[in-house]
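Chemist: Take a look at the following structure, please.
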Amino acid sequence: GTPQKYDPTFKGPIYDRGCTDVICCVLLVLAIAGYVVVGVVAWTHGDPRKVIYPTDSRGQFCGQQGTPNEYVSRPSLAGTSGPPPRPLVPVQICVSKCPDRYLTYLSAYGSRAPGELEYYRQFCVPEFKNLQKAPIQVLTDKECPAMLIPSTPLARRCFPAIRAKKGVIMIGNETTYDDGRGRRRNVTELLEGAKKANVVLETRQLAMKIFEDYTVSWYWIIIGLVIAMVASLVFIVLLRFLAGIMVWVMIVMVILVLGYGIFHCYMEYAKLKGEAGSDVSLKDLGFQTDLRVYLHLRQTWLAFMIILCVVEVVIILLLIFLRKRILIAIALIKEASRAVGHIMTSLLFPLCTFFLLCLCIAYWASTAVFLSTSNEAIYKVFSESPCQFSGQTCKPETFNTSNVTKLCRDAQCLFAFYGGETAYHKYLIVLQFFNVFMFFWLANFVIALGQVTLAGAFASYYWAFKKPDDMPAFPLFSAFSRALRYHTGSLAFGSLVLAIVQVIRVVLEYLDHRLKAADNKFAKFLLSCLKCCFWCLEKFIKFLNRNAYIMIAIYGTNFCASARNAFFLLMRNIIRVAVLDKVTDFLFFLGKLLIVGSVGILAFFFFTQRIKLVQDTAPPLNYYWVPILTVIVGSYLIAHGFFSVYGMCVDTLFLCFLEDLERNDGSAEKPYFMSPDLKKLLKKTNKGQPDA
């Protein structure tokens, strides 16, 4: 590309600018309007109770719509499992509580114990009132289950209470049960249908203990997160003064570690001299599953030593030839600290981005739930005896008057699942896909808005000749208003391109999940290549978008022009870009590691009651790792929020610095805008003018 030429009218972010990428802005508005329509339609047809509440065999929600009982029980499962094989009739009944004992209807009917039959009646259909009815007729009419087994409530559903005692599977305290038809069965026959539920039950108990830990430690967790926030702020302030020391200490440590590695490899190589079998070559040894075998070969340690020596030499040569650029990176990092110090509100701006992202996530999640519950109740014909209508769709309102009941005496019209045959139900998958696509588009738009706002604010700092006197009064607000007023279309363009790539990656992940059970190696290989390519493409687009947004914030050009100018500017300074990127990335990683590690260690010693001064203050916990992990994850997110602002500041100042070098020459007509430290490093001066 062509280097930027001097423009006497350019004094930083251009205020006299026009709207860019209007077509994309219109597309975004139309897409949002369509997204709102999809949400309204989903909220009109959907019913989240289908996810939360169980349904009985009539399609009614337990605890809703005239069924006050809370749990759903499937007692017919116990009565129809095992030989002789018969079609399963999954009758589901809403009950007030789950069964807590083994009991058959025959034993309850003939029991002399008062209330035994009345207890059993609560697990029968609501219409069953005649307790004197013959048991054989009750079971034939399917008004009551043949038997009850001890069950445990889970997600408002009753599952067999399975437990293992000394390796023996038991339900309640029994290993066998009466199926209500005069046969004894082993409880393992119930295991297959309920073992997954038992895992979920244990998970639920774990979740309850975790919730208890949160209730007694939440305020200490908040204190830990506040400490992380203060530590992040202090680190950013100290980075202004200690960036140079930290970088050079890091470089020296890397050289020393590599030097020790070379020394250790040489000592191992010398120690193996003369030992039997140590002179065998790697080629003769071939591949071994036990990797420790290779450590007994001199050739292995010689290869390690050569590799480390090459890396050591390369690093030393890079330091010799790139020392000036490393100093520039350090100076830019210090300058970024000054910029953040003059625009302290920038540290709070990620909260705005976080809030908008939460809105996007909430709308996407609620719309997805309502769309997934937009189906209608489907009823099917079930029969224990052979019936030609079994499995066909039926309507409960007209079933008793249909020919099905005449031809199949024991047939029932029961709720099967949620579905639908209308055009709306057929295109639900398309609406879900649109929901996912709009989530990626809007989320990327929110992130882009945050980046262009910060870039505009920090660019106004760099291009202020007398800092901070020449800066606008409210740089962050000015940059935010310019971005929304003029560049909504450009931000929509960049976020749209990224969203398309991300959706393609989601589709590839879905296909990969579906192909896991397949044995087509070529398809798996091709899919892996595509996933790798699109992952790289997403990273490149994110990098390009980030720098394009900086150019948009400064010059007010459209997305394509900004992306092209930023790309060519970086390519003309590719070595500086590589060095600065790695140095700043390491410093930010070091800062995050220092903050998260320090706060995490403090949380560990506190919650494990190892700090004697506050030993009695620490709350009693089921799992001490719950608050510790929460503090660590929260500390990382807080540190990442602070350093994301810092990283955007460094990237913006770097592009401005490169533009400054191309536009100006330090003369009275073309003075440099860079800081005195950078001018000193580059041996540049502003002739005839004092440094700002």
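Placed from the backbone N, Cα and C atoms, the Cβ positions cover glycine too.
The feature transmembrane segment is assigned by TrEMBL to 21-43, 218-238, 245-263, 301-322, 343-365, 438-465, 486-508, 548-571, 583-607, 623-643.
Map these features onto the structure and tell me what's around them.
Modeler: Non-local neighbours of the transmembrane segment (218-238) in the same chain are 337, 340-341, 347, 591, 594-596, 598-599, 602-603, 606-607, 618-619, 627, 630-631, 634-635, 638-639, 642-643, 646; each lies 6+ residues outside the stretch with a CB under 8 Å from one of its CB atoms.
Distant neighbours of the transmembrane segment (343-365): 35, 39, 233, 236, 435-436, 438-439, 442-443, 446-447, 449-450, 453-454, 457-458, 461, 475-476, 641-642, 644-645, 649; these residues of the same chain sit at least 6 beyond its ends, with a Cβ under 8 Å from one of its Cβ atoms.
Residues 17-28, 436-437, 440-442, 444-445, 447-449, 452, 527, 530-531, 534-535, 537-538, 541-542, 545, 548-549, 552, 556, 558-560, 562-563 of the same chain, all 6+ positions outside the transmembrane segment (486-508), place their C-beta atoms under 8 angstroms from a C-beta of that stretch.
Distant neighbours of the transmembrane segment (548-571): 1-2, 4, 12-14, 17-18, 20-21, 24, 448, 451-453, 455-456, 459, 463, 479, 482-483, 486-487, 489-491, 493-494, 577, 651-652, 655-656, 658-659, 662; these residues of the same chain sit at least 6 beyond its ends, with a Cβ under 8 Å from one of its Cβ atoms.
Sequence-distant contacts of the transmembrane segment (583-607) (same chain, six or more residues past either end, CB-CB distance under 8 Å): 217, 220, 224, 227-228, 231-232, 235-236, 239, 243, 246-247, 250, 326, 329-330, 333, 614, 618-619, 621, 624, 627-628, 631-632, 635-636, 639-640, 643, 646-647, 650.
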Chemist: Restricting to CB pairs under 8 Å, which listed stretch, 21-43, 245-263, 301-322, is in contact most with the transmembrane segment (438-465)?
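Modeler: Between the stretches 21-43, 245-263, 301-322, 21-43 has the largest tally.
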Chemist: Quick test of the contact rule: Cβ under 8 Å, at least six residues beyond the ends. What residues does that give for the transmembrane segment (245-263)?
Modeler: 239, 304-305, 308-309, 311-312, 315-316, 319, 326, 329-330, 583, 586-587, 590
